[in-house]
Amino acid sequence: MQRSRDRMERKNMDEQNECQRKLRVCVATCNRADYSKLAPIMCGIKSHPDEFELEVVVLGSHLIDDYGSTIRMIEQDDFDISSKLHTIVRGEDEAAMVESVGLALVKLPDVLQRLRPDILVVHGDRFDALALATAAALMNIRILHLEGGEVSGTIDDSIRHAISKLAHYHACCTRTAEQHLIAMCEDHSRILLAGCPSYDKLLSTSRREDYMDVIKSWLGDNVQDHDYIVALQHPVTTDIQHSIKIYGLMLDALISFNKKTLILFPNIDAGSKGMVRVMRKKGIEKHPNFRAVKHIPFEQFIQLVCHAGCMIGNSSCGVREAGAFGTPVINLGSRQTGRETGENVLHVRDADSQNKIYHALELQFGKRYPCSKVYGDGNSVSRILKFLRTINLDEPLQKTFCFPPVKESISQDIDHILETQTALAVDLGGTNLRVAIVCQKGKILKKYVQPNPKTFQARMKLLLKLCADATRDAVGLNCRLLGVGVSTGGRVNPQEGVVLHSTKLIQEWSSVDLRTPISDALHLPVWVDNDGNCAALAEKKFGQGKGVENFVTVITGTGIGGGIIHQNELVHGSTFCAAELGHIVVSLDGPECSCGSRGCVEAFASSMALQREAKRLHDEEQLKVEGRDLKLAEPITALHLFSAAKQGNSKAEAVLNKASTALGMGIVNILHMMNPSMVILSGILASYYQAPVQNIILEKALVSAQNIKVVVSHLEEPALLGAASMVLDYATRRIY
């Protein structure tokens, strides 16, 4: 019994010791910027020695003279440094950054194995931090990531999000960043909305009485409060040459602006040496208005930013910390794109001229804005320490993700999948507006037809209504809509989904963005193209062009249009007017065309042209059908011309021969330029033109092109099927 009691007492003591064990926290700092965020946390941990054991690892640019040997400020802050790692491979280019990550990964395992921390605190989005997070994750060490979930605009985004995926816990700064982390499937219970730790220090020390002493120590005795500029610009590693150009333009603008300027050297990223060369070439270090420095202690830097007339560059300090003081900021370039900012920030994203930057300086310098607390309220450290106390080291180390629920597939039958994957096709014709649900096999499951309104507003309203009706009906038909394809007349930029110039048949239809309103309303991807191109795509997927590598489709209808498929791809041309087949000139003194030119194929062979000739013959009383005068009969159309020719009317026959010859010559020109293996005629006049066009090819084409076949399309709805094929091919990742 005594031995049993002894065992119980020892077990209780062990449990008490385990409960009282300090949490061993390793804080790793890589550069002057992350130290300003980590130092307040380190102070907080150090002030609770009964709960935490602090280990400090210093690496990266802290240990390099060219960047201020900022390890000294860590030592001056009285932190015991557990390990110093030289991890930077000099070169300041992309390869050097990669090599630096590799060197850090070689050195970190020994350090982490010796220190054996319970949790590693990593900040931000630097390449050194990525190496830290990678090493810790692979060595089964818990990671707390600071400032995850934020968005900027460079490679930093990718690094930041990669670290977030490796981290077990997150302390973020803003509500938006928190939502981003949740959207990235991070566990909500492991995300702390803490605010930025640097705000704890800057809000408490920014209004020191000796601020003028600090300002004068860096800028001289003659400088006044709010009458100087702080400049800090870093390279953008995804566009180094452009960022160096912006840096030079900024320096030129600052020289012209003629105000005292404190300029800090850029960070160690690829491109920094190029920026320093630009600085020295312009004589900034010797210029009387400039003071160029490699490092400023954070407490003094706060004073300088707080009382500056303006801050310029692309440092995160400008969009984050400066807002706490209401200091005017000019943010240059793309490095901070997507960052949340206060109203004190003026963005010059396309900083392509000295004048633009100079004008921004004129607008911002000397202003004061309301203080912003977007990134913190000064209580971040206390929240983070409280969060650290709640970490249960007995919880499984394996990280889990909170993926949204995924509906299980109803069927794995391939026929079912092919039938239910559908496209919403839209044909914007001159007369009617048509919408259809089209399946993978080219079958139209349901079609909606309405007269096309004359005004832009009414047309868009009807279009969106029909699309919404079709979307609702698709659910009842057990169809999954992959997207929306739109076929329209005129010249179209398919990359942007914009109608550049319309035909005369569709009024108010130029410079129209079709993609955005349809996509916004239906929440589906949208493709837009010219109706002739859509007809070619329809033939490629469902018609005579199936399996044919090179062919031309010619639409014979109200106008003459078409599309060219070359090596299995649709030809758009540099300004999206390729395959305007109706506007090939075949006669210098021919009739006037709708495009404003004369002698185009369309002016001879379209149904509008034939109708015009039929009316002319009728007015001259030379058009007879079945022996009766049509002067008082129904409206004259091209059909009357065909009927008269069939009855032996020589005038009608002459008009049709000229039209056939014009179309045939246009197609011969296409054969000589593109050398397709097939010509597909589509539209209401296709069957009539097939034989005459084939004969013209035999008579006029080069010998090598005379055997190219002219066939008639069997598709009843080429525009709708072509619009659908854009969706079905793109959405299923095929190339057309």
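Using N, Cα and C of the backbone, Cβ positions are placed for all residues, glycine too.
Heads up, TrEMBL stuff is auto-annotated, nobody curated it.
Annotated active site per TrEMBL: Asp531, in sequence order. What TrEMBL records for Arg491, Thr503, Asp531, Glu580, His583, Glu602 is N-acyl-D-mannosamine binding site. The feature Zn(2+) binding site is assigned by TrEMBL to His583, Cys593, Cys595, Cys600. Residues or ranges marked as domain 'UDP-N-acetylglucosamine 2-epimerase' in TrEMBL: 50-388.
One way to see the shell of the Zn(2+) site is to take the Cβ centroid of His583, Cys593, Cys595, Cys600; the remaining same-chain residues with a Cβ within 8 Å of it are Glu580, Gly582, Val585, Ser594, Gly596, Ser597, Val601, Glu602, Ala603. For the domain 'UDP-N-acetylglucosamine 2-epimerase' (50-388), the model's pLDDT averages out at 91. Cys600 (Zn(2+) binding site) sits 10 Å from Glu580 (N-acyl-D-mannosamine binding site), taking the C-alpha atoms as the reference points. Here the Cα atom of Glu580 (N-acyl-D-mannosamine binding site) is found 11 Å from that of the residue listed as 'active site'. Summary: among the binding-site residues (Cys593, Cys595, Cys600), the fewest other C-beta atoms within 10 A of the C-beta are counted at Cys595.
Take the CB of His583 (N-acyl-D-mannosamine binding site) and look out to 10 A: across all protein chains shown you find 20 other CB atoms. Cα separation, Cys593 (Zn(2+) binding site) to Glu602 (N-acyl-D-mannosamine binding site), rounded: 7 Å. Between the CA atoms of His583 (N-acyl-D-mannosamine binding site) and Cys595 (Zn(2+) binding site) there is a gap of 8 Å, rounded to the nearest whole number. In this structure, the CA atom of Cys595 (Zn(2+) binding site) is 9 Å away from the CA atom of Glu602 (N-acyl-D-mannosamine binding site).
Rounded to the nearest whole angstrom, the C-alpha distance between Asp531 (active site) and Glu602 (N-acyl-D-mannosamine binding site) is 15. The Cβ of Arg491 (N-acyl-D-mannosamine binding site) lies under 8 Å from the Cβ of Val499, Leu500, His501, Asn530, Thr575, Phe576, Cys577, each of these being in the same chain and 6 or more residues away along the sequence.
For the recorded positions given as Asp531, Glu580, Glu602, the lowest number of other CB atoms within 10 Å of the residue's CB is seen at Glu580.
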